[in-house]
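Now, the feature entries from Swiss-Prot:
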type     : residues                          : note
ACT_SITE : 93                                : active site, proton acceptor
DOMAIN   : 99-329                            : domain 'Radical SAM core'
DISULFID : 106-334                           : disulfide bond
BINDING  : 113, 117, 120                     : [4Fe-4S] cluster binding site
BINDING  : 160, 161, 192, 215, 216, 217, 291 : S-adenosyl-L-methionine binding site
ACT_SITE : 334                               : active site, S-methylcysteine intermediate
């Protein structure tokens, strides 16, 4: 017998095919889709389905269920960091952030990461597997059900490289954007990447106008290769060229994420070099005071250096912001909670 299907990972079209195989009417697919996207975890809770259909459905399918292992709530601004256990026992993280315009969730796309970025805690214990579309969607549903707050923005910027899990991430984008599901507009979704050029170009053709966030973190290849091994495959010039094609195709502004690391990439000369490379592009730069990860040796730039860097970029017409620091009293780099649990067998926070 084939393995059971996760209803949360299925499109309405896939559910329609399942209903046809089961000898059921097509409209049942939409009902099931609406139930799963409300966060229902029990097929028996689908009260507009007959008991007979529910029993048959349980033989063929299940609903993905995340378990909240731990959550940390900021006393300063209400930011919540979640540690989730997956069905197979693997661990991922998500974060809920509150802004003036509403709630934003930062979700994971993989268990671990292959990319090896030196300043990131996610890559420290290696790559395990990709997340399914349902596991990505369930992060949003579980947070919404836990907090009773509707999430208005999603950033796929947690553990993992989203474009390394391309097919599942794109399917997730279509699921979360569906009018009969969460119905989150594509313009309220950001997809982060360290710069997988072929996948950036593929994403441009998907006709899902999400915001693309590039983890750039350096003004030149020499510095970037020290902290991001992916740069040996895809240089900054190649990434920028792909970004220009993305903006031309989608008419969406690119965000360049830039972690400010003391003494490495934060000089006035670095700012000038970056400004000259990207001026005139439909883009904006988000400066990030780097998180401290115990074994990297990296320290965040001073406030004065960050301000000077920002002013130089703006002088060249590059729109620039400094990421607002949320949850500073529960501060941990993305992936740090999972890493502590995997390496030490306990939560060290």
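Just so it is clear, glycine is given a Cβ too, placed from its N, Cα and C backbone atoms.
Structure coloured by features recorded in Swiss-Prot.
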residue : record                               : Cβ neighbours (10 Å)
93      : active site, proton acceptor         : 26
113     : [4Fe-4S] cluster binding site        : 25
117     : [4Fe-4S] cluster binding site        : 20
120     : [4Fe-4S] cluster binding site        : 25
160     : S-adenosyl-L-methionine binding site : 31
161     : S-adenosyl-L-methionine binding site : 26
215     : S-adenosyl-L-methionine binding site : 25
216     : S-adenosyl-L-methionine binding site : 28
217     : S-adenosyl-L-methionine binding site : 25
291     : S-adenosyl-L-methionine binding site : 19
Subject >> residue 113 ([4Fe-4S] cluster binding site): nearby binding-site residues from 160, 161, 217, Cα cut-off 10 Å >> reply: 160, 161
Subject >> Structural state of residue 192 (S-adenosyl-L-methionine binding site), classified by DSSP into three states >> reply: strand
Original post:
Average pLDDT across the domain 'Radical SAM core' (99-329)?
Top reply: 95
Subject >> For residue 192 (S-adenosyl-L-methionine binding site): intrachain residues, at least 6 apart, with Cβ closer than 8 Å >> reply: 155, 156, 157, 162, 213, 214, 215, 257
**OP:** List only the single closest residue to residue 216 (S-adenosyl-L-methionine binding site), chosen from the recorded positions 93, 117, 120 by CA-CA distance.
**Re:** 117
Subject >> Local Cβ density at residue 106 (disulfide bond) - other Cβ atoms counted within 10 Å >> reply: 24
Original post:
What Cα-Cα separation, expressed in whole Å, is found between residue 217 (S-adenosyl-L-methionine binding site) and residue 106 (disulfide bond)?
Top reply: 19
